[in-house]
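All remarks here apply to the structure that follows.
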Amino acid sequence: MSQKAPIRVLVTGAAGQIAYSLVNFIAKGDVFGTDQPLDLILLDIKLMMEVLGGVVMELKDCALPLLREIVATDDYEVAFKDIDVAFLVGAMPRKQGMERKDLLTANVTIFKGQGQALDKYAKKNVKVIVVGNPANTNALICSKYAPSIPKENFTAMTRLDQNRAMAQIAERLDCNVNDVNKVIIWGNHSATQYPDVRFATAVKNGATMIQKRGAAVIAARKLSSAMSAAKASCDHIKDWWFGTGDRWVSMAVPSDGSYGIKEGLVYSFPVICTGGDERKYKIVQGLKIDDFSRSKMDLSAKELEEEREMALSVCKD
Ligand SMILES: NC(=O)C1=CN([C@@H]2O[C@H](COP(=O)(O)OP(=O)(O)OC[C@H]3O[C@@H](n4cnc5c(N)ncnc54)[C@H](O)[C@@H]3O)[C@@H](O)[C@H]2O)C=CC1
Ligand SMILES: O=C([O-])CC(=O)C(=O)O
């Protein structure tokens, strides 16, 4: 058995449908490696504690050798204390006919409170992925309320959009998804996102249907994507943790002004993750932006600015 010290990993919304797949992926070693023991901290609201108790029973019944302690709680101090990584999933999902930003008023206050809890209790090098929608703006708010933690430690998930794009391209070209590279998701995890295949390899024909895929899954399942979202959040954190080599992955990260995107907006860019002890990511620089791409990228940035205004007015202070 491994000699590594356990890491503390928090999953919020732990009684919900994404977490139901996610906790197993994490605990069996898919994200941090099969030699990395971990403590899993599961946060949900008081009302869900009985359901969460059932999830804990099942996790135990999986008999997972890497899984040390399991903590199920509705208390932010217990949940956020000394964590290394946070999967912030807990938030209301959209129903058929809604856009993700329709969730903003309901969800943004959750991320204000969790930002404050991260600031107070988490390790200062904690790595955060926000999955709960509207993910980019929730990540921005979370970071705003955690000023003692570096801004670049807050990211939002657009990896599901990247995975969807890669899978559709692979299907159309009848190749393996691993043979598709350099697909970029620019902007917001919303219908204004711009899936950019201009640099992709193994592509014959650029048209995709990524922006509305979430809505298509809701229409079919009557529930929003869960297994694929859980898998994508694992891909995101695994690549951030171990590095990507020269592969490009899309992550929504605080803009540093690259590609003319206003500083501070949490915007999806192609990044390369360095891994190692520092676990940094760098936005891929120097890509040519043609007029079509510019207009698509600006549209998504404009939407994020509007979301930011709305979120700040909900949070008030
Ligand atoms: N970024 C992305 O690509 C994707 C994002 N999502 C989003 O992820 C979120 C979760 O989706 P599901 O798991 O399907 O929802 P769900 O409704 O099945 O589970 C959400 C859970 O969060 C809990 N929760 C609510 N407030 C909380 C709080 N303050 N602290 C901790 N837990 C809290 C709820 O009690 C519930 O158990 C939704 O906002 C959904 O739209 C879903 C798919 C993809
Ligand atoms: O579409 C939704 O509401 C859930 C989600 O974010 C996705 O599936 O991409």
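Keep in mind that glycine also has a Cβ here, set from the backbone N, Cα and C atoms.
TrEMBL annotations:
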type: DOMAIN; residues: 8-154; note: domain 'Lactate/malate dehydrogenase N-terminal'
type: DOMAIN; residues: 158-201; note: domain 'Lactate/malate dehydrogenase C-terminal'
type: DOMAIN; residues: 208-310; note: domain 'Lactate/malate dehydrogenase C-terminal'
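For the domain 'Lactate/malate dehydrogenase C-terminal' (208-310), the DSSP counts in helix, strand and coil order read 48 helix, 20 strand, 35 coil. Averaged over the domain 'Lactate/malate dehydrogenase N-terminal' (8-154), the predicted model has a pLDDT of 96.
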